[in-house]
């Protein structure tokens with residue numbers, strides 16, 4: 001027995017040392033196993049930064065954080081994934097990355113059971129349940145769940161753009177934004193949907209896409225219980241309860257509508273993003289190419305929508321009638337047939353239309369404007385559909401045929417009117433054989 005106890009003593013002593021955290025922070029009460037760890041932690045409260053990067057001047061409370069940071073400048077990535085060849089600056093990042101291949105999610109939320117590949121992601125998620133936002137911006141008072149998010153936010157006030165693209169020189173306020181931008185140059189899309197094979201440049205975009213297949217809506221409104229597929233959609237919805245307007249920079253853009261100011265020239269545009277898109281019409285730059293047919297686009301979003309012509313994908317589903325659409329705008333327009341909503345109003349006569357294009361067509365009845373010209377006779381029309389109908393008068397055939405009597409018409413409406421004759425007089429049958 002004595003020998004047995006003596007044999008157990010070192011293990012039990014080791015366990016007690018692991019559990020023991022004798023060094024406590026007087027500011028927040030957090031405990032540590034080592035004095036050095038406590039001292040490093042205390043710098044968070046004091047703001048003291050002992051270690052400086054000689055390349056960019058950034059300051060750090062811990063030496064190990066400075067060493068990690070320096071690798072951003074040197075480009076050193078000594079840890080490589082054996083599955084896909086991707087390299088990382090830190091071993092921990094490689095281990096996290098490998099879980100993409102294995103599907104392992106070892107960190108589970110005790111509140112809702114959701115699992116994560118990284119402990120940091122679990123901790124971020126758990127704050128959603130508590131609602132805690134311990135990090136506050138001294139400039140505007142905005143609260144954040146993570147210190148990193150606060151630091152990124154603070155750059156919107158300072159205008160600081162620390163991270164520069166080595167390919168084109170463009171600068172970014174966040175490292176994540178630089179990484180996303182770099183994919184424009186490489187064209188890499190490492191994240192693939194297991195359901196439909198669609199590939200994505202970012203893991204976050206893949207996760208959002210997967211909700212189309214699963215129908216998952218993980219973001220729930222605490223006020224009314226409505227659920228949403230993305231956090232952005234939830235935040236937009238929550239403003240309907242709070243009356244809060246959108247973000248500050250969107251407010252600045254909105255004010256330009258009232259002032260008429262257009263600070264970005266060529267000719268004039270209210271926002272810089274509009275100017276950048278417009279400038280591509282001069283340069284002819286269309287960096288996004290369809291790998292199916294070779295058609296090129298100015299914006300990646302336009303290419304994404306175009307590709308659905310080839311794939312037949314219709315990810316937007318009507319909850320009223322199960323009809324599907326390739327674009328969100330198509331779904332929104334369709335839903336107005338159920339709701340009866342007509343948000344576009346004519347300032348001349350008050351008529352309401354379901355789409356802006358329908359309003360534009362209607363307004364031509366007031367202006368007399370006729371954009372569409374017949375190449376055969378020169379006659380002009382206010383709408384493309386009217387021109388198309390007219391052009392049938394020049395063609396030999398009349399495409400709309402009555403199945404009762406074989407009478408033919410150039411216009412569908414004329415056929416429909418004619419068919420009422422058969423409905424009222426079913427005995428006519430095939431006796432009327434004349435052709436208009």
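Cβ from N, Cα, C; glycine included.
Remember, it's a predicted structure, so these values are computed and weren't measured experimentally.
Per TrEMBL, region 'Disordered' is recorded for 1-22. Summarising the annotation, TrEMBL assigns compositional bias 'Basic and acidic residues' to 8-22. Summarising the annotation, TrEMBL assigns domain 'C2H2-type' to 23-50, 51-78, 79-106, 107-134, 135-162, 219-246, 269-287, 288-315, 316-343, 344-371, 372-399, 400-427 (among others).
Shown for the domain 'C2H2-type' (107-134): DSSP residue counts in helix, strand and coil, namely 12 helix, 4 strand, 12 coil. Across the domain 'C2H2-type' (51-78), DSSP assigns 12 helix, 4 strand, 12 coil. Same-chain neighbours of the domain 'C2H2-type' (135-162): 56, 58, 124, 127, 171-174, 248-249, counting only residues six or more beyond its ends whose CB sits under 8 Å from a CB of the stretch. A mean pLDDT of 79 is what the model gives for the domain 'C2H2-type' (51-78).
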